[in-house]
Amino acid sequence: MASEELQKDLEEVKVLLEKATRKRVRDALTAEKSKIETEIKNKMQQKSQKKAELLDNEKPAAVVAPITTGYTVKISNYGWDQSDKFVKIYITLTGVHQVPTENVQVHFTERSFDLLVKNLNGKSYSMIVNNLLKPISVEGSSKKVKTDTVLILCRKKVENTRWDYLTQVEKERKEKEKPSYDAETDPSEGLMNVLKKIYEDGDDDMKRTINKAWVESREKQAKGDTEF
């Protein structure tokens with residue numbers, strides 16, 4: 001029954017209750033009045049609940065903006081130095097001190113470290129260094145975030161030892177670039193190796209000078225003059 005009809009019934013019962021004089025009739029009308037009032041109350045609660053549900057359904061769903069980290073940039077520029085206890089690597093990243101602490105992560109092994117900076121100005125930054133020159137202490141190594149800088153502290157496993165290079169690869173590359181002098185080889189061969197190295201690394205003027213000296217040397221040798 002509609003709420004309007006129940007309200008009319010209630011008004012009529014109230015009128016009858018005012019006119020009734022016999023107890024039995026009044027008790028019956030009072031019971032009916034309570035019943036109708038309960039029905040009206042339930043109807044109103046149901047109506048309010050439906051209205052609230054409609055309002056909830058009409059609300060636009062909350063849109064959660066995804067956190068995009070964009071692409072990952074590999075870090076290739078850095079500086080390093082050392083103390084008796086630590087090898088220190090300095091990486092410059094503008095604004096890195098403003099990202100949450102958990103966004104700057106470093107994983108250490110005995111001969112490597114892996115830096116990952118997440119969601120810095122919409123990008124992630126990664127730096128992986130393998131084959132460190134010497135072993136480090138994983139437990140003793142750490143990181144520090146300063147203004148626009150990440151400082152990686154690699155604790156030397158053997159203190160008071162000097163690192164001439166950061167990695168074994170760098171050491172091998174540098175050693176290959178050095179002229180080789182073998183005491184057991186002919187001294188003139190060692191000199192030729194040095195000249196060859198200078199020639200390969202020199203500019204056009206240097207190459208012309210060496211070529212001229214080489215030609216003159218060959219001409220002297222052809223004449224029996226061994227001076228160079």
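Note that Cβ sites are derived from N, Cα and C of the backbone, with glycine treated the same way.
What Swiss-Prot annotates here:
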MOD_RES   Ala2  N-acetylalanine
REGION    2-80  region 'Interaction with SIAH1'
MOD_RES   Ser3  phosphoserine
MOD_RES   Lys8  N6-acetyllysine
MOD_RES   Lys19  N6-acetyllysine
MOD_RES   Ser34  phosphoserine
DOMAIN    73-167  domain 'CS'
REGION    73-228  region 'Interaction with SKP1'
MOD_RES   Lys85  N6-acetyllysine
MOD_RES   Lys118  N6-acetyllysine
REGION    154-228  region 'Interaction with S100A6'
DOMAIN    168-228  domain 'SGS'
Original post:
Relative to the Cα of Lys118 (N6-acetyllysine), which of the modified residues Ser3, Lys8, Lys19, Ser34 has the closest Cα?
Top reply: Ser3
**OP:** Take the C-alpha atoms of Ser3 (phosphoserine) and Ser34 (phosphoserine) and report the distance between them in angstrom, rounded.
**Re:** 15
Original post:
What is the number of residues in the region 'Interaction with SIAH1' (2-80) that are helix, strand and coil, as DSSP sees it?
Top reply: 53 helix, 5 strand, 21 coil
Subject >> Nearest of the modified residues (Lys19, Ser34, Lys85) to Lys8 (N6-acetyllysine) - Cα to Cα >> reply: Ser34
Subject >> Packing count at Lys118 (N6-acetyllysine) (other Cβ atoms within 10 Å of its Cβ) >> reply: 17
Original post:
How many whole Å apart are the CA atoms of Ser34 (phosphoserine) and Lys85 (N6-acetyllysine)?
Top reply: 88
Subject >> C-alpha spacing of Lys85 (N6-acetyllysine) relative to Lys19 (N6-acetyllysine), in angstrom >> reply: 104
Original post:
Between Lys8, Lys19, Lys85, which of the modified residues has the fewest other CB atoms within 10 angstroms in the structure shown?
Top reply: Lys19
Original post:
Should Lys118 (N6-acetyllysine) be counted as helix, strand, or coil on the basis of DSSP?
Top reply: strand
Original post:
When a 10 Å sphere is centred on the Cβ of Ser34 (phosphoserine), how many other Cβ atoms does it contain?
Top reply: 11
